[in-house]
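Trainee: Straight out of TrEMBL:
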BINDING   HIS257, HIS323, HIS393, HIS591  Fe cation binding site
Amino acid sequence: MKTTAPSKKKVSLKSIITIKIKSIIQRYKIYQIRLMQGLKWIGASWKETPVSGRTKINDLFRGLDEDRDLLVKRLKAGQNLYPNCDTSIWLRNCTREISSPIQGKIEGHIPEWLSGSLLRNGPGSIRVGNYEFKHLFDSSALLHRFAFKNGTVSYQCRFLESNTYKQNKAAQRIVVTEFGTKACPDPCKTIFQRFSNVFKWGEDQSDNAMISIYPIGDEYYTLTEYPIMIRINPTTLQTLNSTDIARMIGIVHHTAHPHVEADGAVFNLATVPKINGPHYCVVKFPRFNPETGCQNSTDEMFRQICIVASIKCRWPLHPGYMHSFGMTEHYFVIVEQPLSVSLSSAILNKFKGNPLSSAFKWFQDCPTLIHLISRCDGKTVKIYESDALFYLHIINQYEEGNHVVIDICCYRDPSMLDCMFVEALQNLNKNPDYATMFRSRPLRFVLPVYNDSTTSDNARNSYHYVCPQKLCDLGCETPRINDRKIGNKYRFFYAISSDVDAKNPGTLIKVDTYKKTCSTWSERNIYPSEPIFVSSPDAQGEDDGVVLSSIIWGGTENTNQAGVVILDAKSWTEIGRAIFVTESPVPKCLHGWFADGV
């Protein structure tokens, strides 16, 4: 039998690739050694810092957790550890969309002046064919619309038809690796194709934008943390088109919570790879053309996107994980927590097709850094440090005198991300550490800004330790405020409970930051979502208006039911609600927006 000699070109290509891989691995090992030496030095220096007179973050959580030994005894006795919390509300699978609005049963009173759409985004189905996603953040995005007009409310829901959703649906399997879920292997891909895709960050990347909804110009977009925004029709919930921000400005990640200024300009925090390491960059989508002063269309806002501030990540191989950031009149506030993404692990995961979550690294002994950046010139004004903490959502931030105040929903560590794995949610009542892992508290950090010209350069540039104070003693998540107060001094914020061991985990919370007091609303077996404030037409006070929250019911009897509750924001009492019977289960949602007049 005649055999064909191997091609010299192919052998040469393999040799070149092998040499390059070995070179990359060798350089990584050197960088990794240097990085770990630096981290050990930082950790040692942090531990040696005198702590007398400081309120440590762990101290603010002391006494909140139930005795673990008692929980273990209850577990051994066959008791449910958290009998009041039903996590199945996150794991329901919507099987029938509601394309045409349906009318709901009204209880109480719906204000006549309330006109617009409460748009919601979140998990819609954890199942694709015979396969299931492993993490809640991977679930196929489901959009909801509660439309208010003349005292009536209608409801509809539709899946976000992202490319990932359409590919999964066509293949009836998970074809794209998500945050916590590995895709089913594609037998057609060779090892060299997988290696090539490592350096094509947009390839095989999920665009399942299931976290939030924000207005950009005259349009509405769904967002996730990968820089692809998907435009939707706010009245039909139809998926229109997507915009790949990564291709426009070279970013690899952005937060799911941008800031929309009063003039319509949009700002977001992104991670941008550069020659000297990754940087955190604030990007701007300008609503007005700076040269002509004319208002930009939405497309023009995207075309004129620009970087207005940039700072280098503290660890070149471990950029921090960012989910939100702060903005005041004069400053950007970037909170760099010690939860990072290992670039080497991320590259290896991409080659192997493993999920990003396994590339997360938590440095417990390293401080949280808070960067104060000037909006005027994009330069760092000062860097502050505090204890290690994990956060997803910043409540608000504002300037007061010679200080910047920032309020954050804080956790002791990122364990709550592990709590959102499907298996963890299903086994909630078998885990005596679950409530502790999910424990959060709203904390306030007061940052002194040294603008005195007599202050020395060393004092101005040195890190300043900040001790937080607790705003209330309830676990708060998905916080919202009166949008007119964003970036300004405010008094009230609204949130849902994050205490799974509470008497009623389905609680809506109003916090008075002046008095450090709380008001709560709850009803047995009802689980509300992120509360959104809508100001009344002739509002006089900050809380003069209503708070809207979509609701679902726990248990197995009312899975095919959705609703929305309207609370008077001032008295924190229910005004009315609308209840809708659906043809398939409705899961709990995450974030949304009130589209006025839509």
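The backbone N, Cα and C atoms fix where each Cβ goes, and this holds for glycine too.
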Trainee: Might you list, by sequence position, any residue in that chain lying six or more from HIS393 (Fe cation binding site) with a Cβ less than 8 Å away from its Cβ?
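Mentor: Result: HIS257, HIS323, SER324, ILE408, CYS409, GLU477, THR478, PRO479.
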Trainee: List the other residues in this chain whose Cβ sits within 8 Å of the Cβ centroid of the Fe cation site residues HIS257, HIS323, HIS393, HIS591, in sequence order.
Mentor: ILE211, SER212, THR255, ALA256, SER324, LEU392, ILE394, THR478
Trainee: What are the non-local neighbours of HIS591 (Fe cation binding site), defined as same-chain residues 6+ apart in sequence with CB under 8 A from its CB?
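Mentor: When sequence neighbours closer than 6 are ignored, HIS591 (Fe cation binding site) has ARG120, ASN121, GLY122, ILE211, SER212, ILE213, ALA256, HIS257, THR478, GLU530 within Cβ distance under 8 Å.
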Trainee: Could you tally the C-beta atoms, other than its own, that fall within 10 angstroms of the C-beta of HIS257 (Fe cation binding site)?
Mentor: 20
